[in-house]
Amino acid sequence: MSQPLLALNWKMNKTPSEARAWAADLSSALTPGNAELAVLAPAIDLPVLAGALPAGVALGGQDVSRFAAGAYTGEISAAMLRDVGATYVIVGHSERRTYHAETDAVVAAKARQAQAAGLIPIVCVGESLDVRERGAQVDFTLDQLRGSTEGVGENLIVAYEPVWAIGTGKTATADDAEELAAAIREALAGLYTAEARSFRILYGGSVKPDNIASICAQPNVNGALVGGASLNVADVVAMSDALR
């Protein structure tokens, strides 16, 4: 099974000076562990972090344009992210789908651009509370997965993020996470020629130091996409230690 990934999504937090201080604190506190760490920061922070993160900690973006270049004011291209040192980029986060009306087709286009530039897309999928209450979470999430990976190569990561658990303090149980992660892995095996076990599947949704170990102990969960807890270095170190 693949090395677990602790993907730290800062969302719209931290100025460049705050990012520099955070990276210095992490350098002092972090000890090598079993999990790979990746900081997914606002684009304006990436140049600062590229020269300040501890060795072995990867860098990534939170979004990317579906276009390669051109007259798209305010957009960040995959080539720009790659040039600044990014390895990963999130596509299709539920906040982008909700606040910016991103469709599965748009998400797939962004993932294709990311791969064309040498980035690894972290494709986010997951259901809302009303879908879960209807018992349709597996069908909904797999439909979203298929639409969001249309024409996308197999060098990707999938993050299962139940929308009802993001920023709410509610967390899917370890069994909930495993149910969807197993279904996603089976679906990926049908979509790609790579071995099913080679794909990394993350869980995202109110992940904290006190629940990450039980969630990531599930056989089909290979790490976590962490939001709020990623902003505090002590929490990051605790989560990294929990994945030893």
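Just so you know, glycine gets a Cβ as well, placed from its N, Cα and C.
What Swiss-Prot records for His93 is active site, electrophile. Neighbour list (His93 (active site, electrophile), Cβ cut-off 8 Å, at least 6 residues apart, same chain): Asn9, Gln62, Asp63, Cys124, Glu161.
Within 10 Å of the C-beta atom of Glu161 (active site, proton acceptor) sit 28 other C-beta atoms, taking all shown protein chains into account. According to Swiss-Prot, the feature active site, proton acceptor maps to Glu161, an assignment based on sequence analysis.
The substrate binding site feature in Swiss-Prot is assigned to Asn9, Trp10, Lys11, Gly167, Ser206, Gly227, Gly228. Lys11 (substrate binding site) has a Cβ environment of 17 other Cβ atoms inside 10 Å.
Least packed by the Cβ count within 10 Å, out of the binding-site residues Asn9, Ser206, is Ser206. Each of Ile166, Val226, Ala229, Ser230, Leu231 belongs to the same chain as Asn9, Trp10, Lys11, Gly167, Ser206, Gly227, Gly228, is absent from that list, and has a C-beta within 8 angstroms of the C-beta centroid marking the substrate site.
The Cβ of Trp10 (substrate binding site) has Val39, Leu40, Ala41, Pro42, Asp45, Gln62, Ser230, Leu231 as same-chain neighbours under 8 Å, each 6 or more residues away in sequence. Around Gly228 (substrate binding site), the same-chain residues at least 6 positions away in sequence with a Cβ under 8 Å from its Cβ are Gly167, Ser206.
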